């Protein structure tokens, strides 16, 4: 009958315990293997009888090339394998003394050794758990060590492997000398450590020793003995190897910086900056995003505009010299744009999505991240601080400027119900790869608030300075890295200003970096105007007018110059582009593509122009029109019209185009022609159609009474007032300018401040009395371009009807926030009952402006300690066509304050001293 493993070996335990002294006498016979008969007689069984390990032993014997019961004994405990905990509780085995067995079979003696003299372990194998051949084969199939060690592994896999408990490993270590083979460092799935084979020939042992000595020279230093007993120990060397293999390959990965400096130490603000030697990447490599982040850090630390421009310019010089293809992504990252305005790409990532991505990327709790964001007021700082808590075994490659910009565009293109989850996945991937301050600026860019004070004009100035000092198109190494070297400070400044004007004028006509940058890199700055010219299909920033308080001011401004007065229509600016191939595009004041909003206008273009007209750009105002009454409708009616993908058959609100300027005609730019010439060409090449396309009503006169009557008539005709423009002198079309050569004279201007203001709603106060249960007042703010802040300017509570108050309450309650946005500044203003997400823009009129110690708007621009506030503000309307960044700026508020008659009388200044501003 088949016996268990324990009963198979148990009868011999006493016999072995009584003969320990005869172990030494058998040392003379260690060189010869014992006869098989003696082994069988000692076992008391025949090899073909009831041994429970006979078959596995024979199968292994064919592999090992040895015979007899010796192999059976070596493999027999595999069937009776026990947990390591049980083995650790077994008392040390007694030494065997059987005279029939030689030293190679008696592994329990403290002096036991192999035929070659290698010390043997002293534990009784019959009580040790052993693996089956199947387990060994499975481990062999999972072995993924490098090819250099494969020969050694094949030798080791021929030997049966045994498990050691912690106590046994410690005991074995005490008896081993320095030459004894140690556990190989290859990773295993189990905790079983390999031990020397007990029955091998002397040549085999010698060969094995040579292989082990070879490995000793190549493998890393031996770990502490205590780690050998850990259940997970075999995995640790594998992890270490993976890290070591990753390190040498990491710098070679795409986008990794191998320049003379590590990106973390990059400093574009240093004096005497060298675009090649001080860069942190090599020629042809992608610009590390960390270099961009370090540049933003340096810009954030200073407030002087010239210093900010110089710092950004130094980065751009390195990009031009080393990685020209990355110039466009770096510029867009600096502007926090995703492309030209007409592409309509916006990130649309709210703070909630950002915080969720931060939490998932760093393993933090979402509530903890939200609490920190509320405390710090800056999602960027929260992302940066959270990043330091994350540890990765295999860190992703370093971020590159082009890679980050590409991810931003991917996020902007996502639409649909699952877009939020996809956005979070992309953002999470960016955060995981962030180093140092990268997370701060990625989070800020995604939120749409980079908070650097880098306006568009500053970025253009930095670009012109970069390509002037370090001209593009040079062979590497560039022969000229500082073209201004040798010039005096004054001459250098004048030269850079002249170069900057070239780029500025070109950008006004072609406000599309996608077109400008390739030409700039190929032909240089001085030849840029030759290759980038105004053309249909690329929207322009329109020319705007300055406000004026009365007719007398108009006459004083223009003096002897001829001028014209036109109706100022209350609608939306529409820039009509007709391309050579017949395609028509319509753009808004903000260069947004509104072509899909006005299919009715596009359909009427062929009949409003003469056949000789092949291409043009018209400046017009789209106004709501009542076809039955044949009159202009209020602006609010126009805002009810659908904005996107409008079906012409479903249009409820009809529009009429009022054309007042012609900018481009049949391949020729007209921006440098006087208004009189542009107006003549407009009327000669286009045909009026009532209710569809009409020229702006105008009057050419210098008579004050006629102008006053014309103003009153414009109001009766549902217009806002008049636009007064010079006809011949200084009468060019000034793109992107708020020019003093165009003055707006509204009916409201005759009493009061001279202009309305477009302000952002940042808070709401709960109403009382008849306004109880809804908002009764609102906190408004102007926009500061330099600090990118919204600065509180007044509390508004008048000008609303009951219906309007209810509408505002319903629309604004969805914008309620637990705390103000970090870029909202209120100083001493009364804290509102509800903070609002600053997205709504309202047009407001006031009696005048006054200095205020409470409100921070324009503080420091007129008075060093006081801001400016509105007296008796009154709500006019909602400006749905404006974003918060397009609201009245603090600089404009200061300008309006200075232009008040009583202030001018005190200062003895003329309003003409105000500089014309590019917006």
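Please read every residue number as a count from 1 along the shown chain.
Cβ coordinates come from backbone N, Cα and C, glycine included.
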Annotation phosphoserine in Swiss-Prot: match it to one of 201, 588, 901, please.
201
Among the residues 229, 402, 811, which does Swiss-Prot list with the feature phosphoserine?
229
Which one of 47, 676, 864 shows up in Swiss-Prot with the note phosphoserine?
47
Of the ranges 439-448, 449-458, 459-468, 469-478, which one does Swiss-Prot list as region 'Interaction with target DNA'?
449-458
Of 104, 113, 141, which one does Swiss-Prot label phosphoserine?
141
Just jot down the residues in the same chain as residue 305 (site 'Interaction with target DNA'), at least 6 apart in sequence, with C-beta under 8 A of its C-beta; none if empty.
453, 458, 786
Round to a whole number and give the Cα-to-Cα distance in Å for the pair residue 795 (site 'Interaction with target DNA') and residue 819 (phosphoserine).
18
Starting from the Cβ of residue 795 (site 'Interaction with target DNA'), draw a 10 Å sphere and report how many other Cβ atoms land inside it.
19
In whole Å, note down how far the CA of residue 621 (Mg(2+) 1 binding site) lies from the CA of residue 720 (Mg(2+) 2 binding site).
13
Quick one: of 590, 770, 798, 819, which recorded positions lie within 10 angstroms of residue 568 (active site, N6-AMP-lysine intermediate), measuring between C-alpha atoms? Sequence order, please.
none
Can you tell me how many other Cβ atoms are located within 10 Å of the Cβ belonging to residue 720 (Mg(2+) 2 binding site)?
19
DSSP-derived structure type at residue 621 (Mg(2+) 1 binding site), helix or strand or else coil:
strand
List only the single closest residue to residue 819 (phosphoserine), chosen from the recorded positions 590, 621, 770, 798 by CA-CA distance.
798
Distance [Cα-Cα, Å, rounded] between residue 621 (Mg(2+) 1 binding site) and residue 590 (site 'Interaction with target DNA'):
14
Measure from the CA atom of residue 798 (phosphothreonine) to the CA atom of residue 590 (site 'Interaction with target DNA') and give the result in Å, rounded to a whole number.
30
